Amino acid sequence: MSNGSLWIEAMSSAEEGTYQCAVHVTSKNDLAIDTWTFLSRKATLRLADLSKFELQPVDRTVAKGQPTAFHCLINSKPTPSAVWLHNDQPIANGGEYHILPVSNTLEISSVQSRHEGTYRCTVEGAGKRRSSQTARLAVTIGEVSNELSFITTPRLQVVEQGGEFLLECLVASRIRPQVRWLKDSRQIIVDGVRIRRVGVSSILVSRSSIEDTGLYTCRASNNDDSIDRAVSVEVRAPPRITTRPATKVAVETADVELECGTAAARPEARVSWYKNGEAIIGSEYFVIEPNRLRILGVVRADQAIYQCIAENDVGSEQASAQLLVDAPDSSSVAASSGVPMTASAPLGLRSTSSGSRFINVEWDPPVQRNGNIMRYHVFYKDNSIDRERMINSSSTSATLTSLQPFTMYLIRVTAENEAGMGKFSDSLKVTTNKEQAVPGKVTSLVATATGPETIDIRWSPPSGGQPALRYKIYYSHDPLEKSEKETLITTSTTHYTLHGMDKYTGYQIRIEAEGANGSGLSSDTVRIRTQSDEPSAPPVNIQAEADSSTSVRVSWDEPEKDSVNGEVTGYRLKYKTKARGAKGNTLVIDATSREYTMGNLEPNTQYLIRMAVVNHNGTGPFSEWVAVDTPGQDKEERTLGAPREIRPHAGIDYILVSWLPPADEQNLVRGYQIGWGLSVPDTETIRVTASTTQYKISRLSSERDYVISLRAFNNLGSGFPIYETVRTLSRETPHFSEDSDSDDADGQLGSSESTPVGLRTEAVSGTSIRVMWTESDESAFNTQYTVRYSTSVDGNQHRYVNSTETWATVEGLRPATEYEFAVRAVASNGQLSTWSMAARNRTWSAPPSSAPRDLTVLPAESGDPHSASLHWQPPKYSNGEIEEYLVFYTDRESLSDKDWTINYVAGDKLSHQVSNLLPKANYFFKIQARNEKGHGPFSSIVGYTPSGGAILSGRDRNVPRGHGSAMGDTVSLIEQLQSIFQTNPLYLMLLIAFALILILTLILIIMCCLKRSGGGGRKNGYQSAKKTSGSGGVGGGIGGPPNDLWINGTGSHMRAGASDYMVDGLATAHLTAADIDSPTPRYHHLQGQGTLTRSYHQSSQSLEGRQRTPQVVYTGTGRHQPIHKIDFDSPYGSSSAIGSASTPPLPPMQAPPSGPPTVIDGYRTLRGTPPNSSAANALRSFTQLAGATPPPPHSATSTSSMRPTIIAAGGRQVPVGRATAQPRVNVANIYSPFASCSASSDAGDSDKKGECMEMRETTPVKTTGSDKIVANMLPSHSTEDLNAHLESLDTMLDDLQQLQHNLHLDTSTDK
């Protein structure tokens, strides 16, 4: 057309292609006609058309209430319009139907029965119309799985800048899932303007730009699981020139540079240079560089229009500049005479050295400078061409580079002053050296990533030079890692595949062709990144702690970069309760998060948590389960106490502070505040989270004292602080850390510059922790490392592990134990660095490795014979917090463990009561501990019998227990005691201590008794008589009636009869006179079978009316002597006579311990009472009841007048009455160690047993002939004789009063 436009009629596919126009401008000057040519940018012409369907609707069977979709996709420009038909009826967009833009997909949000039928779409565009195939929708009714499944997924998209693109995503599940969109691991914010949601869960992006290029992920999740589907979107943009070349004017021989900078374009733009419409090919003088064109040694022919055209598949853009070339400046400054004052020619131009690519030249200054020489201009050219190049030099020498080998060059030089350039020197001819022929530069190098670990490389052979014999492939990481060197691979072909590359890692590759004389020039470097892959490691340092009774906060760190194998798009978190068969839940968390709080949990429940890394290729391996318990109730927020411990570690310019939380675990801690200052605290403060237990204070001054403060805080404010003063180390003096070991002296201590940094730890198992660090001096050679670790459990005793790598796995640790680690470097010359900063970590828990200790079974404290109380101590190695104890018991030890009865006891309890046991049955008990990892071993079995509460050891359980044999019971008891002492040595020590105390007590008592008894004999006291033979007399004869009591005239021994037995639970005995030496009796009235009887009837006015009272008599002179009780049917026990007589003194050395009551259960005793009481004398019951002085004693030889007597202290004879059967009180048991005995006969109910006592004196009494012993006394078988003497009762009372008086005198004498 007249305006230069191009008009095309009847457009057909033959006219499709790229169009560009050229404009020529001609100008004339005095010397020649110049032509200037301009090129336009390129334009692409395509013919509109309606292509075939890429996706058509297909038959679907969908459960009622679930979503579904039908596709109708045609890629045509412009985008065609589509109409959907349901049962051949058009469908309106809206309501339950959603027709998506761009793709024309039909979505039904919730399928119902009315949606059944046929579906098809009709598309119109470019004057054409197409109809899709027909699809049928069937609706079913039934249970729908909660498993997530994609119905539609996003498609790979390539769009041009400014256009729009649709990302489809439709997911089916029983519970409507939550759908989120992410771009390059970051969640997309749907603003409803440029990015808006269409259909059920798809998004439409309008006005796209290059920044929208990336990887888009549709993430659908419900309470059970989460699924992702990722797709890449490329937004293509035409190039744009940002730096345009500028028009320049240059003189001949000068060098000119033209710049052409472009903005980012996708795909990358190609920049071409044109001179007057002709493409410029790079050469020695036209050097094409990225974004720049260099013209060396400009000549007049270089004057033209220069254009840079940037183009890609989307479009192109051009920029132009004009270059004008002038002749060298010949102007000069005239002198007064009119002669120019330029400098003369330099002298002595010469070549000092040369090579195949360079020449060094020197010269002398000109003779006539005519001013100051500003610079020298060196001109040189190839002798075979006319283009001359120039370089400037400020001195009298220069180096010419980038020359061709074995080529002659013409060189000349001129000096420039204020007037301009002077005269040229003579030309110098220099030929460069000959260079051996080598292959040329490799071209068309292309690298393609074919997998996560493979790269395919292809190239073309060099176009010039010597033929290539082989090729050298050099590759390295991009960017080049520190101290990394290129890897060399040699091949003879023009293609090669690299294997074993790092996943999703950038590489730079170049190739050199090698010939017979060596390698040629290197090719251009290409850069490529391997493809991504699924992550190969889970997140690290996963920690979970309960925020409240219904929420748990989980934190983690991203894994090592080389294990991600791509860009992290999220983290998958699975959690479940520890109950067997519990169903897990899955959450997917954004990639930018490092912690997450799970809510709506159950209180007082243990949860298991594990995590995995998610990228575009899928989900990596999961971590081990991490257990966390939600508390039964939320922690209270009260004023916090001080942290339990603060441990500062000082360096030259830092202090590393670590601590333990406050002791009150029920008080909520929301964080910690660390403060520090020079000599005063809290000059500077910082707050950290509650899970942080270590902080490094940096930028401190060396050799200064800092006061560190630490306090916990919550919503109520800060708690109580804890302080510590720390001094930083010196920069000049070699130093060790404050906890260094003595073995540091074995090597030379290095500076802190070689100390390893970045120490971190990761628990691997219950017995191992992996320690990793970074070497501070990467140039060090053959460095070894020493890892130091300790724990407070064994007193922070240091142990060491050596390593030649920057990591070490410490084995043999205790489960569920916190360890502290530090590391230092050992150089090849033996120089030691300082210890690094400490890092702490805890090993995983493990099942208990030992059983609960000291299991003891005792009778129930309540006294219930059907129950037993169990006590134990925790296992020595619990390997974690004990959650519960399992108490096993059975009455048959041979049963398997599963058949034993089990009681479950909370882990914080150390005792338990087992009920519903059968009396006299043998039970066996054992106990087992359980923590979060499992069950520990069983304790040893302990046996128990509920009736007696006996504890049986393991070896006693199989011994039959006889209940009828006293010997068997004794042996069993001894073995049981032995078992107890073996299993519980503490009991044995206590028993020994008790025995020693008892022995010492007995020794002291004996010494006291000996001391008192050695104080001298008493004048009126009794002395023990020697025993006499009891072979003669009636009582001792064979066949005679049994004699209850023999009273000899001079002795005091009374012996029991043939048998001893128990009566009413009290110890009683028969006494015979055969073994008794007693003084001459005063009262010897014996009745039937040798018993002493006297009938007293209760009366307040007569002897018969006195109360029957059991009497107690103390025998012997020491308190260790036994006491015996005698029952008296005597009216003297009546309470009516109490207090009627004065209290007589006690006999010396015969008073019982003070304090026993006078009246017990209505009975009166002869035993002494406390001083100043109404019953303070042992014989008071007799004296108080006496009404008159007893009559004088009868003759010892008159048996008719004898009455039975009790030999009392002081030589007095006390009449003994015979009582009828009455309840007896064993007073001796109350006042131990005195014991009682009684003598009884086989008389009838009316003839009751007389009780007796054995009484001895410490000093023997000599008997004379006049005091002959009555060895055999005939019993009286009639009561008349005894009743006849009742009238002599007054005489007996007088005798008792006299006896009491004498006893009182003896007591006074002892005092």
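Just so it is clear, glycine is given a Cβ too, placed from its N, Cα and C backbone atoms.
Note that TrEMBL annotation is computational and uncurated.
Note that the structure is predicted; figures quoted are calculated from it, not measured.
Per TrEMBL, the features are as follows:
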| type | residues | note |
| --- | --- | --- |
| COMPBIAS | 1088-1109 | compositional bias 'Polar residues' |
| COMPBIAS | 1132-1143 | compositional bias 'Polar residues' |
| COMPBIAS | 1144-1153 | compositional bias 'Pro residues' |
| DOMAIN | 51-138 | domain 'Ig-like' |
| DOMAIN | 148-234 | domain 'Ig-like' |
| DOMAIN | 239-324 | domain 'Ig-like' |
| DOMAIN | 345-435 | domain 'Fibronectin type-III' |
| DOMAIN | 438-533 | domain 'Fibronectin type-III' |
| DOMAIN | 538-633 | domain 'Fibronectin type-III' |
| DOMAIN | 642-733 | domain 'Fibronectin type-III' |
| DOMAIN | 755-848 | domain 'Fibronectin type-III' |
| DOMAIN | 851-950 | domain 'Fibronectin type-III' |
| REGION | 529-550 | region 'Disordered' |
| REGION | 733-760 | region 'Disordered' |
| REGION | 1015-1037 | region 'Disordered' |
| REGION | 1077-1109 | region 'Disordered' |
| REGION | 1130-1153 | region 'Disordered' |
| TRANSMEM | 986-1010 | transmembrane segment |
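Same-chain neighbours of the region 'Disordered' (529-550): 449-455, 478, 501-507, 556-560, 563-568, 571, 597, 599-604, 607, 609-623, 626-635, 690-691, 760, 762, counting only residues six or more beyond its ends whose CB sits under 8 Å from a CB of the stretch. When the stretches 148-234, 239-324, 345-435, 642-733 are ranked by Cβ pairs under 8 Å to the domain 'Fibronectin type-III' (755-848), first place goes to 642-733. Of the two recorded stretches, the domain 'Ig-like' (239-324) lies close to the domain 'Fibronectin type-III' (345-435), with three or more CB pairs under 8 Å once pairs fewer than 6 apart in sequence are set aside. DSSP states for the domain 'Ig-like' (148-234), grouped as helix (H, G, I), strand (E, B) and coil, give 3 helix, 47 strand, 37 coil. Secondary structure of the region 'Disordered' (529-550) per DSSP, as helix, strand and coil residue counts: 0 helix, 10 strand, 12 coil.
Secondary structure of the domain 'Ig-like' (239-324), assigned with DSSP and counted as helix (H, G, I), strand (E, B) and coil, comes to 3 helix, 47 strand, 36 coil. For the domain 'Fibronectin type-III' (642-733), residue counts in helix, strand and coil come to 0 helix, 53 strand, 39 coil, using DSSP.
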